[in-house]
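Here is the structure we will look at, set down as structure tokens.
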Amino acid sequence: MEDRYGREIRSFRLSITPKCNLKCFYCHKEGRNEEHGKLMSADEIGKIVKSSLEFGVRKIKISGGEPLLRTDLPEIIENIKDEQIKDISLTTNGILLEKYAQKLKDAGLDRVNVSLDTLNPEQYKKITVGGNIESVKKGIEKAIEVGLTPLKVNFLAMDCTVNQLPAIMDYCRKIGAILQIIEFIPMEPELKHHHIDVVPIEEEIAKSADQVFTRKFMQNRKKYLIDGLEVEFVRPMDNTEFCEHCTRIRLTYDGYLKPCLLRDDNLVDVVNPVRNGEDTRKYFIKCIEEREPFCKAQ
């Protein structure tokens, strides 16, 4: 199904918990800054995802908080697995990944994205307020070992991390991971000074790239191949291209459909209709009708 701007719905991002085992100072909490409501059950998540297939969803991304804190995560994955779904991936900080990688693979997870903003142990501990970078590295190694690939490393480009980019690139090249460089969205005014423009970084990468590809169904993102390393950029801020080609809807941890990453004022309750035994199609239709580009071309 297309929205009124002609954008197909192909991807569904599920936040399954607001809780996290780290306290990264920059976290935007998937656009939900306050904890409220109760978590959806594995069964409810499964029913909501199965309903989304009618509207064209073919890719699922599981996120949090930290999704590995849900002890029923393998059950959630099993419940959403369907032959119509081409890809189920998960975004994690990697702290618990070594322990659970095999169980997730066995449940039907295809691949993982792991957040890693620095390779400096002390800086990592400072950014995450106590995180152990060695646990993350071991988790990445285990994920690759069990076949949760292609593994992506999510690098958040900020004023305090950008000097780590060359080392992160070398690390990803060495382990065979894809590097995703993400623009920082400051959700609070006091964090604005950490934002940097990633356009010049992308321009430099483009100059050195051996090949450049365009991902049509991922906001027309460019993918750069440079010395054997795949690099992608995610630039949601003031980016008309990002919004114009968006194919994703979202589900909050407490069961609301979220038409736009950057808005929190047009959510559509879907979990209570599920709990009441209602047909959820009209709620998906309402969500899709609410979609409009946050950043529009002038």
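Glycine is no exception: its Cβ is also placed from the backbone N, Cα and C atoms.
Since this is a predicted model, take the numbers as computed values, not measurements.
Of the residues proposed, Lys59, Lys61, Lys125, Lys282, the one Swiss-Prot records at the same GTP site as Arg13, Thr91, Lys152, Arg248, Ile249, Arg250 is Lys61.
For Arg250 (GTP binding site), the number of other Cβ atoms no farther than 10 Å from its own Cβ, over all displayed protein chains, is 22.
If you take the Cα of Cys246 ([4Fe-4S] cluster 2 binding site) and the Cα of Ser115 (S-adenosyl-L-methionine binding site), they are about 22 angstrom apart, rounded to a whole number. In this structure the C-alpha atoms belonging to Arg248 (GTP binding site) and Cys24 ([4Fe-4S] cluster 1 binding site) are separated by 25 Å. Ranked by Cα separation from Cys24 ([4Fe-4S] cluster 1 binding site), the binding-site residues Lys61, Gly65, Cys243, Cys260 are led by Gly65.
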